[in-house]
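**Student:** According to TrEMBL, the record shows the following:
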{"type": "TRANSMEM", "residues": "106-127", "note": "transmembrane segment"}
{"type": "TRANSMEM", "residues": "139-160", "note": "transmembrane segment"}
{"type": "TRANSMEM", "residues": "166-183", "note": "transmembrane segment"}
{"type": "TRANSMEM", "residues": "242-267", "note": "transmembrane segment"}
{"type": "TRANSMEM", "residues": "287-308", "note": "transmembrane segment"}
{"type": "TRANSMEM", "residues": "315-333", "note": "transmembrane segment"}
{"type": "TRANSMEM", "residues": "339-358", "note": "transmembrane segment"}
{"type": "TRANSMEM", "residues": "370-391", "note": "transmembrane segment"}
Amino acid sequence: MTVTRAHDDASDALREEPPLKAALTRWGPLALVLALQALLSLRLQATAFQDEALYLVYGHWYLDLAAGSAPAIQSSPETWMSGAPQLYPVLAGALDAVGGLSLARAASTACLLAATAATWWTARMLFSAKTEKTGPPGVASGVIAAAAFAGSGSVLFVGHFATQDALAVAVLAWALACGVRAARGRSHALRWAVLAGALLAAASFVKYSAATDAPFVLLAVVLSGAADRRDRPDRWRRSVRAGVVAAAAAAAGVAVPLLLGAGPLLQGVLSTTVARDSLRPAATGELLGVVMAGGGPVLLLGLVGAALLARHQPALAAVLAAGSLAAPLYQVSTGESVSLGKTVVLGALFAAPLVGHLGSRLALRPAGAALVAVGLVAAGVQGAAASARMFSAWPDTTRVVDVLRPVVERHPGEPVAADTPEPLQYGLLDETGPTQWTATWPGSFLYDGQQDLPAFEAALRDGHFAVVVLDGVSSTIGAQLATAVPDSGYQRVDEVTSPDGQRTWTVWERRT
């Protein structure tokens, strides 16, 4: 019996069931996975991380600029943001204006739930052969794939993190699902293929590094029909055609905006993706540990699933396995630790369908279903613990923001220098403007023809900054300024330690 006949027979059987039972069979397991994923992501709570604060602050600025109530700034975010600043930051700023950080993070939760649903659908379509014990085609593989993806630590973390990563992953996941639908479906294949390509282009603008996964998506679409090239050459031709159309649509979706004026974004692509300098280098062993914590179970089981799938579909197995490892291992090879935990989500996107295939085959063996269930629960527990650790990796800024508020209010519109200023700037969004803040990062400050430490020392002597906030650890320049600040006419307002003891800030105010 061909896969198509199996799919039709099982679908007919499902339609003959009572509507409620059919709905529970089809949607119930996915609904349970999504509910658990939402709970595990929403439980994560912390003040805004540096990246979150950066996007939210600039989102507010863009919205205010459009309304004519914001000043122009010298910074060019399109040259250093890792995605088009007119997309996610504006969306996040609008959400924050309505419901604060909680709503912006909830939007990320919704995006990762959508990615899980797309993973469920992709696995169902890729592995849709009916078996006696798994019921309707692809049910077991779809549910297992969704559960493996949803329970990963990095997925749970990104699912409540207000950056463009969640939106990019969701768009990529649906690009893959739509592409596979174009290859394996029998109606509206052209529309689905064009949609897949358009989504790939959109993901590339939301987060530039998402473009590196486009080849794996397109190859997976083409190879999704490779198993039928002998018995069903029409399906093989359809999958090849779907991949070609999706690739053309993606290329057009990227080229047209660039030709219409989005060219400056290319500098951002180069500086944040292609030629990015390592911001926080780490040893290979440490980086691999981050990968294992964020998605070890799904990545490793995905490789086992690829080995199993390779017996019948070696090319598809190779592409999915390569896609699962490419992004995280490339970053490990660069020695960069920043954002590595988030990068693992891109690998999980390709590994999860392989885990679904492995689990559905294993479930056919004696006690196999119980073993699969135990494995998914164990992976979910590990993922929940890992996501909690990831979400507690930065200091709580509530106290220092409370101390700073009356200080900056005494100096409206005057410059403020700070180590890692973004979370403080976000916390004081109503009291300060985007042009007031200066970070102590190397290359961030020019003054009187000087740069970096000499520039800050000259500015302090001149009383240029009304307020200075130093933590002594997040910037080498800030650490060197610790003695220069009091010697330059500044008085200490307070010393504030975060509740978890991770960070201590010293707040200085210019003497009047």
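Each residue, glycine too, has its Cβ placed from N, Cα and C.
Walk me through where these features lie, including what they touch and how far apart they are.
**Tutor:** Proximity of distant same-chain residues to the transmembrane segment (106-127), defined by a Cβ-Cβ separation under 8 Å and at least 6 residues beyond the stretch ends, is recorded for 30, 33-34, 37-38, 41-42, 91-92, 95, 99, 137-139, 141-146, 149-150, 155, 158-163, 165-167, 169-170, 172-174, 176-177, 180-181, 184, 224, 316, 349, 352-353, 356-357, 360.
Residues of the same chain lying 6 or more positions beyond the ends of the transmembrane segment (166-183) and with a Cβ under 8 Å from any Cβ of it are 83, 88, 91, 107-109, 111-112, 114-116, 118-119, 121-122, 125-126, 158-159, 189-193, 195-197, 199-200, 202-203, 206-207, 210, 213, 217-218, 220-222, 224-225, 235, 238-239, 242-243, 245-246, 345-346, 349.
Outside the transmembrane segment (242-267) by six or more residues, the chain places 76, 78-79, 84, 175, 179, 182-183, 189-190, 192-198, 200-202, 204-205, 208, 211, 214, 217-219, 221-222 with a CB less than 8 A from a CB of the stretch.
Through the fold, the transmembrane segment (315-333) approaches residues 126, 209, 212-213, 216-217, 219-220, 223-224, 226-227, 284, 287-288, 291, 295, 299, 302-303, 305-307, 309, 339-340, 343-344, 346-351, 353-354 of its own chain, all at least 6 residues removed from its boundaries and within a Cβ separation under 8 Å.
Among residues of the same chain six or more beyond the transmembrane segment (370-391), those with a C-beta under 8 A of the stretch's C-beta atoms are 36, 40-41, 44-46, 144, 147-148, 150-157, 160-161, 293-294, 296-298, 301, 341, 359, 362-363.
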**Student:** Under an 8 Å Cβ to Cβ limit, what residues of the same chain, 6 or more beyond the ends of the transmembrane segment (339-358), are close to it?
**Tutor:** 51, 115, 119, 122-123, 126-127, 140-146, 148-149, 152-155, 157-158, 161, 163, 165, 169, 172-173, 176, 209-210, 213, 216, 220, 287, 290-291, 293-295, 298-299, 301-306, 308-309, 317, 320-321, 323-328, 331-332, 390
